Amino acid sequence: MNLSELFSLLIIVLYALGTLLIIAGTVLRKDQLKKLSNWSAVAGFALHSGMLLFAMMGSDFDLSKGYYIQFLSWSLLFIYFFLWWRMRLSFLGLTASPLAMLLFIGSFTLTTVQGKLPEEWTGMFFGLHIGTLFLSFGLLAMAFGAGLIFIRLERKIKTKEQLTDFDKDMPALATFDRVNHVAVMAGFPLYTIGMASGFIWARLAWGRLLSADPKEIVSIFVWFVFAWLFHQRLAAGWRGRKAAKAVIWLFAISVFSLIGINVFMPTHHSFIQ
Amino acid sequence: MDRDIYLIGLNHKTATVEVREKFALTDCKHLEPGVVPVEGCIKEAMVLSTCNRVEIIVVGEGDGVINHVIQCWADARGQRVDDLEPYVYKHKGLDAVQHLFTVASSLDSLVVGEPQILGQLKTAYHEAVDRNATRVILNRLLHKAFSVAKRVRTETGVASSAVSISYAAVELAKRIFGDMSEYSAMLIGAGEMAELAATHLLNNGIKKIYVANRTFERGQLLAEQFNGEAIAFSDLFTQLEKVDIIISSTGAHEAIIRAKDIRNVLKKRKNRPMFFIDIAVPRDIDPDVNGLDNVYLYDIDDLKEVVEENLAQRQEEAQKARAIVESETQTFSKWLRSLELQPTIVDLVNRSEAIVEEELIKCMKRLDGANGDTEKVLRCAMIAVAKKMNHEPISFLKRRHEEEEAGDRYIDITRRMFNLDNDSVHGLAHGHRRRKN
């Protein structure tokens, strides 16, 4: 086992511990466990950051396709920690820890596939493309988790159904809506930058803007849905259930686009070619 | 020794409100030297008197303690013992301890889990301390009662949910809005329950309260009370735009607010959520309001249902709480028994022998290659030291034990000084005493 494998294993263990602890903490209603879960995820995240940085600095930096997924897993936690720090939303760990763990583990199925290193002068657009899209994906994931709980809780309050202990431990409806707000308000501009830089990079690297790739088509579709939601929230005052549902759909399409297209379809975004 | 803890009292279950009023000791705080003076067979005493109960807790010696206490109680109120006796319960020893723990944990309260009783008990105890009427046993007993109450609160859900209509409404508001400081409320019409809900909202930090009443003057009076603002009843719908929580309790015969009115309001509010609480009968707010997005409507029946669910849940949790009280009573009885001389001496000797064995193992590890003889000599020497160290405290304890008052105190001090009960004591214990000095 080399050092990188050892680190990866340690990160997986820490993320798995974080996942188990947050679930246990929620079920047993112990704040102590939830706190521990967060710190376990923080430790894993620190190692994870170090590993990504080390790989990037390394002289033989080969951008394996697994690296992207690891970076996506990292972005997800980055967004979670940001929201945790700014808004004290530790319940989002219920979405963040398991997803980050699954993505991180999943990344190892792709480590053997090598991508090609982007040219120096296009690297900036490429980095921008990946970074902003991954961050907006992280935001959507958080709003997705918040949206699911919001819809359950909102229905119960509206129909006067009896609340379970789980419901009672959850934050107020307004808090969930704020996650949605942040995700849409910050996520849409990030997504737009990501798309634009992608097209610019395509123009510079391949000489053409559009290539009728399935990934491109779905992404443009997602952009339109996102833009529409952004507009509705901002101008029409959409909030609550409608906004939550819209984000859930948006995230579902993004996941489909990530797994369905990048893995199973012929595309220049492919993870397996 | 026939010294024991006694608890004599009455509560809302044993006596009607007339009887409770007649024998309440709330006004007798000024009595010197207390309702039940610490003299003769009474060694320690304290009195808790609230509108729902009177509890007199004493440490006494001899057979006449109970009768003596009841006599004192009746005398303090200028009543006859015969009028009092039928309503009174008398607990002795562990029963008394258990009863006190049950009361302190609010398991015996009219509304199980209501938190006031603990505060009242603390006040009553501090009064007794100020009067110098408590010693080792009551001090320990009451501190234990406070910690049992705390355990029950944190480990069971006995006090975790709202059991009054107005409080249930506020709890729901918190579930919808979270931090109240960014939101405003409006009272439409005035009534006792609406005022109560407004008070709860203020206690939870609501930003502002508006009052809309048909008679503007009455509304103004109410608004002043809550530091709020009175608005004209005719302006109701234009003002609704500003408020998030609406508590309605007018005497109107039909609905005054309908979905079609609120739809416009919502548009102006950009769909910010609204919570309507309708405590009027007949209802002020048409149920179709609940069909709007981002609007929540609870009427009095809905709130009653929430309260009943919560009450049922409290009863369940009370079972868990009783188990805690039971086990803590056992712990306390262990301590009570240890207040005798012999067990304390045994514990003290055992403690030092345990330390000797511990240190001996460490020593032998360091003395690599030492044989059994060395161990024997070492053990002898260490035990001798321990014995000599124990000798003076033990003979001191024996001497003090023969004096009447001081015995318990020194045994208690010894137990605490050497931590013979393995208690964990946090840094802030007895903070109230330190402040006083």
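Every residue gets a Cβ built from N, Cα and C, even glycine.
Pulled from TrEMBL:
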{"type": "DOMAIN", "residues": "A:70-264", "note": "domain 'Cytochrome c assembly protein'"}
{"type": "TRANSMEM", "residues": "A:6-24", "note": "transmembrane segment"}
{"type": "TRANSMEM", "residues": "A:36-55", "note": "transmembrane segment"}
{"type": "TRANSMEM", "residues": "A:67-85", "note": "transmembrane segment"}
{"type": "TRANSMEM", "residues": "A:92-113", "note": "transmembrane segment"}
{"type": "TRANSMEM", "residues": "A:125-151", "note": "transmembrane segment"}
{"type": "TRANSMEM", "residues": "A:182-205", "note": "transmembrane segment"}
{"type": "TRANSMEM", "residues": "A:217-234", "note": "transmembrane segment"}
{"type": "TRANSMEM", "residues": "A:246-265", "note": "transmembrane segment"}
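Looking at which of A:6-24, A:36-55, A:125-151, A:217-234, A:246-265 has the most CB pairs under 8 Å to the transmembrane segment (A:67-85), the answer is the stretch A:125-151. Of the candidate ranges A:6-24, A:92-113, A:217-234, A:246-265, A:246-265 has the most C-beta pairs within less than 8 angstroms of the transmembrane segment (A:125-151).
Away from its own ends, the transmembrane segment (A:92-113) comes close to residues 8, 11-12, 15-16, 18-19, 22-23, 26, 34, 37-38, 41, 48, 64-70, 72-74, 76-77, 79-80, 83-84, 141-142, 144-146, 179, 271-273 of its chain (Cβ-Cβ under 8 Å, at least six residues beyond either end). Distant neighbours of the transmembrane segment (A:246-265): 72, 137, 140-141, 143-144, 147-148, 151, 180, 183-184, 214-215, 218-219, 221-222, 225-226, 229, 232, 238, 271-272; these residues of the same chain sit at least 6 beyond its ends, with a Cβ under 8 Å from one of its Cβ atoms.
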